[in-house]
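Participant: First, the structure itself, so that you have it in front of you.
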Ligand SMILES: Nc1ncnc2c1ncn2[C@@H]1O[C@H](COP(=O)(O)OP(=O)(O)O)[C@@H](O)[C@H]1O
Ligand SMILES: [Mg+2]
């Protein structure tokens with residue numbers, strides 16, 4: 001081995017603590033990148049394969065009723081490959097031993113048996129026997145949550161009839177990888193089920209013989225869905241079509257894809273932070289090494305080593321450090337990746353999981369880390385290369401300190417000598433101190449970014465579920481009912497208050513833009529389900545006109561005063577123009593509201609409703625639920641408390657794990673930066689500190705001088721970190737802006753507190769590690785060696 | 001730079017009358033550090049020659065410009081004005097990479113503070129140079145030449161100052177350089193150890209015929225030289241030929 005390479009290895013060994021600290025920071029960056037890229041690739045590959053193998057449809061449309069003879073016309077639309085009509089409805093379930101009512105989405109299986117599209121991945125049992133209308137196949141998540149197996153029975157109110165259904169199969173479907181109920185924000189597997197039943201059975205129950213009320217289509221390769229959707233809507237309009245939508249707007253797929261998008265953001269942002277800090281740390285260490293090796297560098301040059309050879313020597317050192325980080329990070333990333341993918345596997349229902357971290361995720365992460373470390377150290381190495389040999393042989397001039405601005409203020413007189421030394425040291429190298437402060441600050445920032453999710457989600461729950469919703473139960477009806485239905489609900493046991501709502505499917509047009517959406521009709525002043533601006537509170541609905549959310553305003557490009565054309569997709573399908581009266585802010589969806597009477601006037605109907613909100617007496621809950629389970633015309637029942645519980649449960653399971661992981665990352669950052677800066681200070685000031693010991697300073701005093709510097713830098717980093725964290729977290733929250741929900745940008749003071757505490761603790765640990773070295777400082781040896 | 005040309009004959013000074021050829025010669029060398037009022041004239045119009053195979057001692061007080069001169073002729077530094085010729089080729093006209101080649105192929109340096117790489121053993125420190133040389137001796141042979149055949153695997157921290165300096169000498173001569181330049185090699189050593197180091201330098205000069213220039217401010221050491229050149233305030237004060245040169249082992253200070 002070349003003696004220089006041997007020197008390199010020994011230098012690395014000598015610097016092992018620092019090398020490891022940097023490697024850990026790089027490893028974290030690489031780990032997160034490999035993890036996220038791996039998870040992205042795995043999720044995408046799994047989804048692609050699943051969708052392909054089980055023939056997930058490209059276009060979906062629900063309608064009221066159309067004869068099957070219409071199917072060939074749909075198939076004739078240019079670009080359409082396969083058309084599958086079906087029947088889709090909701091039913092209320094009564095599960096033995098489960099007090100609350102649950103909701104099932106009923107979906108028909110064709111007469112032939114196996115569906116053409118959205119095929120089922122049977123996990124156990126079989127598809128239904130078409131001659132036996134009581135047979136159902138259920139989704140696996142629901143079966144697991146309710147502890148149901150093959151042969152078990154479930155009571156269901158299907159349309160107006162109570163039926164007993166028997167489970168003959170347990171399956172997954174590409175349509176329901178993320179099985180989310182109507183109006184829900186998260187899957188509730190106990191209370192929301194997917195039931196597949198024979199077409200004849202459903203047709204009989206819903207009076208749809210020879211007809212269908214839902215259709216899914218696949219398109220020929222490379223056919224954009226927009227044109228097909230337009231033609232489809234035109235054909236289905238007379239049959240009560242409620243507007244077709246493409247796969248990208250299909251709810252389960254939408255969640256899956258936005259998860260992938262979020263991972264992609266992670267894969268960009270976090271590793272960048274770590275790699276930048278790592279680059280700075282490597283620079284700091286190499287710069288110091290080069291300073292101590294001035295003599296060696298001069299010597300190598302005196303003996304005829306070229307600039308290139310000298311530079312290459314130090315670059316190799318940097319590359320080895322980075323490679324250690326990359327190797328550690330690859331293992332970390334592979335582990336984390338497998339673990340996150342398994343979390344996704346639990347969250348989403350896939351029949352199989354392709355964990356395929358492609359080699360390129362490792363190569364990208366490794367390459368970027370190497371590059372970052374090399375770019376980061378380029379200036380230090382260039383300095384080594386530039387060093388004139390004669391210059392290098394001379395010891396460097398002692399750094400010049402000056403009585404700073406600080407020293408001239410009265411403050412300086414208050415400080416004792418060691419404290420003054422700390423301040424001078426910090427301000428003597430403002431760039432290095434500044435970078436150290438930012439490096440430690442990044443640790444605080446990363447934590448704030450993680451903790452902010454908890455704060456934001458808590459705020460979301462507070463605003464959406466607590467402030468804006470006062471009902472306990474929301475019942476959606478299968479169709480609009482006269483106002484008398486409100487009295488039926490009032491008469492149920494334990495019902496304290498009832499409020500009706502009418503939802504209307506429309507396509508809104510403004511200029512060139514249009515959006516398929518729902519308008520909700522509510523009383524002028526709502527008592528249970530509030531129209532709620534998340535900044536300004538409850539809103540009274542004006543007698544006429546639309547009150548729309550900012551998200552909808554953004555989608556349509558609408559503002560107050562604009563007249564929106566509503567193409568109603570139900571009933572007589574009138575087309576009306578309604579002015580926007582007010583725009584309000586909400587975190588969830590893109591709702592639009594009108595006064596209930598105004599909607600009904602528009603539809604030439606009198607006070608009909610299709611949704612009922614109830615406030616109930618908790619003591620009579622059981623009796624009420626028992627009645628709700630048997631009620632006809634009920635399509636789904638949603639419990640507000642259950643939704644909150646699910647939110648909190650999911651938070652505890654996923655977000656807390658994610659926060660814990662980030663705390664680990666942040667500690668790695670803090671330890672990496674503090675340990676390295678303290679070690680470098682020790683290396684630079686070892687002689688000085690030893691001299692102080694010789695002239696009588698105590699161990700504690702010199703520890704104070706050295707570690708006080710780290711402490712001062714850490715304390716300075718806390719507010720800086722809070723600022724960066726605030727900025728990053730709010731930026732992240734803002735970037736998470738989708739039609740389904742926005743993340744409120746909130747950071748509680750306690751999150752700043754926790755973030756600073758974790759960073760301080762990590763800094764203290766690394767300071768203690770350096771302090772142990774300080775205690776072993778060999779006075780004689782330090783004084784004997786020439787710098 | 002290997003090719004000998006006619007210029008060489010002309011640069012040979014008459015007064016010594018020796019038939020030796022010139023290895024290194026400097027003409028009108030000046031070196032100014034800094035500028036303006038703070039400018040320091042470290043070398044002032046110096047003419048200097050080093051003949052093949054001789055051992056020259058450069059004598060002068062601290063600050064007289066000895067190191068500056070040595071660094072310039074060794075290709076470590078550049079003069080402010082003037083020229084330096086090696087075997088008749090002007091090295092002051094070289095670019096950095098040619099200068100690097102010159103140092104790599106022809107010059108061996110020894111410094112006051114040894115400048116060994118602390119993380120390499122004695123043998124590895126020497127190998128550092130033999131790795132890049134065209135026709136080196138083995139590191140072990142070089143160390144045997146300076147009497148350290150038994151210390152090959154010792155690290156600098158495990159060697160005394162005199163031993164470290166001899167490793168430095170072994171390192172400088174292992175590539176069989178044409179010129180050996182020693183800047184106060186005994187400056188950090190006591191007299192007894194210093195003599196051992198000087199003996200090593202003397203042996204190299206005698207056995208390998210390496211042209212040697214040795215800087216010292218110690219007048220006693222001048223006795224072992226073929227010629228003694230005195231510097232003061234950046235200028236050559238006088239040049240004397242030692243007619244009764246003594247062995248390094250007889251020197252005491
Ligand atoms: N890099 C430098 N910058 C400024 N002055 C220098 C530098 N190097 C040497 N000098 C000055 O040049 C003069 C000669 O220095 P030097 O050749 O090192 O002397 P010697 O080796 O004889 O002690 C001294 O006055 C010294 O202070
Ligand atoms: Mg000198």
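Using N, Cα and C of the backbone, Cβ positions are placed for all residues, glycine too.
TrEMBL labels come from automatic prediction, so no person has curated them.
Marked as domain 'ABC3 transporter permease C-terminal' by TrEMBL: A:270-388, A:661-773. What TrEMBL records for A:12-34, A:266-286, A:317-341, A:361-381, A:429-454, A:655-675, A:711-732, A:752-770 is transmembrane segment.
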Participant: Using a threshold of three or more Cβ pairs below 8 Å, and leaving out pairs closer than 6 in sequence, do the transmembrane segment (A:655-675) and the transmembrane segment (A:12-34) count as in contact?
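Facilitator: Yes, since the transmembrane segment (A:12-34) and the transmembrane segment (A:655-675) share at least 3 Cβ pairs closer than 8 Å, they count as touching.
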Participant: Would the transmembrane segment (A:361-381) count as touching the transmembrane segment (A:317-341), if touching means at least three Cβ pairs under 8 Å and pairs must be 6 or more apart in sequence?
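Facilitator: Yes; at least 3 Cβ pairs under 8 Å.
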Participant: May I ask you to check whether the transmembrane segment (A:711-732) and the transmembrane segment (A:317-341) make contact, with contact taken as at least three Cβ pairs under 8 Å and only pairs 6 or more apart in sequence counted?
Facilitator: no
Participant: What average pLDDT does the predicted model assign to the domain 'ABC3 transporter permease C-terminal' (A:270-388)?
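Facilitator: Result for the domain 'ABC3 transporter permease C-terminal' (A:270-388): average pLDDT 85.
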Participant: What are the helix, strand and coil residue counts for the domain 'ABC3 transporter permease C-terminal' (A:661-773) according to DSSP?
Facilitator: 96 helix, 3 strand, 14 coil
Participant: Give the residue counts of the domain 'ABC3 transporter permease C-terminal' (A:270-388) per reduced DSSP state, in the order helix, strand, coil.
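Facilitator: Its residues divide into 101 helix, 0 strand, 18 coil.
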